[in-house]
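Taken straight from Swiss-Prot:
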{"type": "BINDING", "residues": "Gly120, Ser121, His122, Gly123, Lys124, Thr125, Thr126", "note": "ATP binding site"}
Amino acid sequence: MLLLELKKTNQTLETIHFIGIGGVGMSGIAEILYNLGYKVQGSDLVENYNTKRLESYGIKIFLGHAEQNITNVSYVVISSAINPKNPEIKEALERKIPIIRRADMLAELMRLKCSVAVSGSHGKTTTTSLVACLFEAAGLCPTVINGGIINNKSTNAYLGSSNYLIAEADESDATFIHIPSTIAIITNIDPEHLDYYRDFETLIGAFRSFITNLPFYGFAVCCIDHKIVRKLVDDITERKIVTYGIDSEDAHIIAFNINTDIASSTFDVKISLPNVLGTTIIEKITIPTPGRHNILNSLAAIAVGIELDFGIKAIKNGFNNFKGVKRRFTKVAEYNNASIIDDYAHHPEEIKATLATAKNIANKQNGKVIAIFQPHRYSRMQYLFDDFMFCFADADILYITDIYAAGENPIEGITGRNLVDKITKRKHHDKANFLAELDDAVGVIIDNAASGDMIIMMGAGNISSFANELEGRLSSRGFSCHTVV
């Protein structure tokens with residue numbers, strides 16, 4: 001960033017172009033650079049919430065990728081999701097315009113800051129938001145670059161005035177190990193992104209490097225309720241590690257006396273850190289979001305706050321302003337007194353956590369859980385097919401659509417229908433159904449929804465757009481639906 005800063009100060013402002021600027025990771029970095037005073041523009045195939053937000057700031061957005069989009073740019077930023085045959089990449093190579101990976105640009109933003117990097121197979125986005133909440137409660141004003149829209153900010157990234165930067169660290173292509181973080185959080189490690197890593201051990205090795213690459217004065221925060229994370233922590237001696245959990249009695253930070261309701265969770269925390277607070281109990285911490293997994297996410301934030309000496313008051317009250325993250329158990333509508341939830345869960349472990357939360361709420365309301373799941377990527381389904389057969393136990397009624405390709409080519413035998421057939425044949429669920437078209441979900445809701453039910457629409461594809469359009473879809477059939485967000 002020093003070279004960019006020099007150019008921004010002493011020369012004509014040069015333009016940074018983002019290919020795929022509407023992506024949640026790319027849009028956040030673009031917004032931060034824009035707020036720092038750089039000239040930013042970008043392109044994407046379709047308009048979305050992120051492109052509209054950036055355009056409202058005055059950032060030039062091109063719809064579609066074309067050589068002429070980069071006529072007057074000095075740098076091009078890409079993510080690993082961009083095809084090397086993209087015409088803008090080819091043009092940049094032809095004109096010898098520097099091409100910068102998204103992770104490298106993030107690293108430059110973090111280099112001169114005290115940075116907190118949040119990684120793990122699941123829970124990164126919510127944990128990043130919760131960490132930011134505690135920093136703000138402590139009177140600090142961090143820069144935040146998140147992997148999801150923070151509801152009370154209406155953005156996934158915002159510029160702060162302090163020397164702290166909190167970022168979600170994407171592990172999908174191993175670039176996260178090069179991020180110059182001071183504090184590293186690992187929420188969990190599950191088999192994911194095996195199309196890149198090829199095997200689970202290589203993925204675990206990347207998380208090991210994520211910790212060991214920390215400076216000697218930094219520290220890691222790890223959830224040892226997760227057995228793979230526990231083993232990793234046990235094997236690392238060269239860096240300071242603060243542990244947390246619910247079931248792990250030897251963790252430095254433990255949640256207990258847990259009470260949950262439809263919209264929140266309350267718990268006590270036991271802290272056992274001799275060099276910080278000694279053994280201390282903080283009572284009645286409340287997070288305004290349900291779910292055991294979210295309690296674990298909050299413990300990661302609490303661990304950071306304790307190590308940085310935020311104080312008991314900030315830690316106890318720090319989550320009061322947390323309003324959640326879009327697509328993380330987001331209630332989007334009500335139909336026939338049933339709640340319709342939009343959730344990003346697309347991995348078996350995420351699905352289990354989401355449905356467990358829904359089941360707990362439905363039981364208290366004498367309702368049932370209706371799960372509508374859109375699988376995401378053929379490669380993920382292929383690698384985790386057996387795990388997908390076992391992850392829907394908390395759904396009373398299950399519907400699975402075909403796979404959202406996300407740019408991948410089909411794989412023979414890997415389909416949503418095949419998954420339903422295997423689940424049914426092996427009797428893992430007695431009410432599993434295949435939805436040939438996502439639009440058929442409207443009929444599912446009309447036929448099944450009753451008072452107290454939780455209708456969970458899950459996936460990383462276009463099922464979210466569908467969930468947010470339900471009011472119009474139901475109205476077109478003569479049914480009334482109340483939109484919540």
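All positions are counted from 1 along the displayed chain.
Each residue, glycine too, has its Cβ placed from N, Cα and C.
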ATP site, defined by Gly120, Ser121, His122, Gly123, Lys124, Thr125, Thr126: further same-chain residues with Cβ within 8 Å of the Cβ centre: Val118, Thr127, Thr187, Asn188, Asn297
Number of other Cβ atoms within 10 Å of the Cβ of Thr125 (ATP binding site) across all protein chains: 23
Neighbourhood of Thr126 (ATP binding site), C-beta criterion under 8 angstroms, separation at least six: Gly148, Thr289, Asn294, Asn297, Gly324, Val325, Arg328
CB contacts for Ser121 (ATP binding site) [other CB atoms within 10 A, all chains]: 22
Under 8 Å by Cβ from His122 (ATP binding site), counting only residues of that chain that are 6 or more apart: Thr187, Asn188, Asp190, His293, His347, Glu349, Glu350, Ala353
In the chain carrying Gly123 (ATP binding site), residues 6 or more apart in sequence that have Cβ under 8 angstroms from it: Thr187, Asn188, His293, Leu296, Asn297
Tertiary neighbours of Lys124 (ATP binding site) (same chain, Cβ under 8 Å, six or more apart): Val118, Gly147, Glu168, Ala169, Asp170, Thr187
